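Single-structure report; data block below.
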Ligand SMILES: Nc1ncnc2c1ncn2[C@@H]1O[C@H](COP(=O)(O)OP(=O)(O)OP(=O)(O)O)[C@@H](O)[C@H]1O
C-alpha cells in the first residue's frame with residue numbers, strides 16, 4: 001500500500017489542506033458537546049437565557065466553520081484522489097508497454113485490464129473517502145474518548161474499556177477482509193477474461209452454435225464472483241451490528257452509573273449528557289469505521305495487485321552497456337549457431353541455426369507448421385533473446401543495441417494482420433508517426449492496397465471498425481504491409497503475410513518491394529513465393545535443413561522437391 005500511496009507525493013499540498021480541514025471539522029465536532037454541557041449546566045439549569053444565547057451563537061459559528069471546511073475539503077480530496085488515479089494508471093500502462101512476452105505470460109490481458117481500471121478505482125475511492133471522512137472516524141473515536149476524560153474521568157473509564165477492544169476487533173476484520181477481497185478481484189479477472197474471449201471470438205461462437213456453452217461459461221464465472229463477493233461482504237455485515245451492540249451496552253453502563261453518581265451529587269447532569277453525547281458520536285464513528293474498513297481492505301488487496309505489476313522485473317530490457325549510437329545502416333542479418341527455447345518449455349524451438357541474409361537480399365523461410373519460422377523472426381527485433389549463439393545485424397549483436405534503435409529500422413508484419421480502430425490513413429501512418437501524405441500513398445500503392453482504399457466511402461479517411469472488421473483478410477494483410485513499409489525499413493519481416501493474396505497480387509507486391517533498399521525475410525508456405533527469393537531457408541523441427549536458391553534446392557533437397565511437386569500438382573488441379 002505504501003508504494004502505491006507514494007504516488008500521492010506530487011499532491012501533498014492538496015492532501016495537507018484536505019487533512020487540515022478534516023481536523024477543523026473534527027475539532028468543531030468534539031467541542032460541540034462541551035458547549036452543550038455549558039448551556040445545560042450554566043444556562044438551562046440556572047434559567048440564564050443570556051448564557052444560553054451566548055453559547056448558542058458560538059455553537060452556530062462553529063457549525064458554519066465546519067460546513068465551509070467540509071466543502072473545501074471535498075474539493076481538494078477529489079483533486080488529489082483523481083490525479084493520483086491518473087498517475088498510477090499511466091505508470092501501470094507504461095510498465096505494461098515495457099513487458100517482454102515472458103512477462104505477459106504471468107498476467108492475463110483481462111487481469112491487466114482489471115488492475116488498470118477496477119483496482120485503481122477501488123484505491124481512488126478509498127483515498128477520496130480517507131481524505132473526507134476516513135481519518136475523522138478514528139480521530140473522532142480517540143478525540144471523543146479524550147474529551148470524555150476531560151468531562152468526567154469516572155464515567156469515561158466505562159468507555160475506555162470498550163474502545164480498545166473494538167479497535168483490535170476491527171484490525172482483525174481488516175486483515176480477514178483483505179484476503180477475501182483479493183479473491184473477489186481474482187474472480188473479477190476470470191469473469192473479464194471470459195467476456196474478452198467471448199467478444200473476440202463472437203464470429204466463431206455464432207458459426208459453431210456455441211452460444212449456450214458460452215452463456216454457461218459466463219454464468220459460472222459470474223456466479224463465482226457473486227459467491228466470493230457475498231462472502232466478503234458478509235464479514236462486513238456482521239461487523240457493524242457487533243460494534244453497535246457493544247457500544248450501546250457501554251452507553252447503558254454510563255447512564256446507569258451516571259444516575260447513581262448524580263444522585264450522590266458527585267457528577268452533574270450536564271456531564272452525564274456530554275459523556276452520553278460523546279459515546280453516541282463514538283458509536284457513529286465506529287459504524288462509519290466498519291464501512292471504511294471494508295473499503296480499506298479492498299483497496300489494500302487492489303494495491304497489492306497493482307504493485308505486483310509495477311514490481312515485475314522486465315527480463316528483456318536494454319543492456320546496461322547497450323550503445324545508443326549503434327544504428328542499422330545496411331540490413332545484413334546473421335545468425336551464428338543460434339539456439340532458442342521459450343521460457344518455461346523443455347524443447348528447443350530453434351537449434352543451432354546459422355545463416356546470413358545480405359543487404360538487399362530477399363530470403364524466403366519455408367517449413368512445416370511448428371518448424372520454428374516465427375520463432376526465428378522474433379529473435380531479430382529482440383522480442384526474445386537467443387539462449388545461445390548470436391543474432392547480429394550489420395555485424396552488431398542485437399543485444400548490444402538499444403531496442404528503440406533496433407526496432408526503428410525494422411518493418412514487421414505479423415502472421416495475424418492486426419489493425420487499430422481509426423482511419424485507414426492513421427493505420428498506415430501508425431508505422432511512421434511523421435509520414436507525409438505522399439509517403440502514405442506510396443506505401444499503399446506498393447502494398448497493392450491503394451485501389452481498394454480508393455473504393456472505400458471516404459478513401460484514406462475511412463474509419464475501420466474494431467480490428468478492421470470491415471476489410472477482408474487479404475486487404476487487412478496488405479494494409480499491415482503498407483504500415484510496415486511506410487517507414488522504409490532496412491529490414492522487412494513478413495510472417496506469412498501474403499497467404500491470403502492471390503498469386504497475381506502477390507507477384508505484383510513482391511515486385512514493388514524490390515524498389516525498397518531493404519533486406520526482406522519472408523515466411524511462406526508457397527513455393528511460388530519462395531522461387532522469387534534470392535535464398536530459401538528450409539526449416540524442419542527447429543533445425544536448418546538446407547539453404548540455397550530454388551534451382552540448387554531442387555537438386556540438393558529431397559524435402560524441397562517433395563514440396564515443389566505437391567504444390568505443382570495442386571496448381572495443375574486448380575487450373576484444370
Ligand atoms: N509462446 C510460446 N511459448 C512456448 N512455445 C511456443 C511459443 N510459440 C511457439 N512455440 C513452440 O515453438 C515451436 C515453433 O513455433 P513457431 O511459431 O516458431 O512455428 P512456425 O514454423 O512459425 O509455425 P506456423 O507455420 O504454424 O506459424 C512450436 O513447437 C511451438 O509449439
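The backbone N, Cα and C atoms fix where each Cβ goes, glycine too.
Record features, source TrEMBL:
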- 16-298: domain 'ABC transmembrane type-1' (DOMAIN)
- 333-566: domain 'ABC transporter' (DOMAIN)
- 51-76: transmembrane segment (TRANSMEM)
- 133-151: transmembrane segment (TRANSMEM)
- 238-258: transmembrane segment (TRANSMEM)
- 278-296: transmembrane segment (TRANSMEM)
Spatial neighbours of the transmembrane segment (238-258) far in sequence, C-beta under 8 Å, 6+ residues away: 154-155, 158-159, 161-162, 165-166, 169-170, 173, 267, 271-272, 275-276, 279-280, 282-283, 286-287, 289-291, 293-294
Outside the transmembrane segment (51-76), six or more residues from its ends: residues with CB under 8 Å to it: 14-15, 17-18, 21-22, 24-25, 28-29, 31-32, 35-36, 38-39, 42-44, 131-132
Positions whose Cβ lies under 8 angstroms from the transmembrane segment (133-151), at least six residues beyond its ends: 19, 22-23, 25-26, 29-30, 33-34, 37, 126, 159-160, 163, 167, 271, 274-275, 278-279, 281-282, 285-286, 288-289, 292, 296
Predicted model, mean pLDDT over the domain 'ABC transporter' (333-566): 89
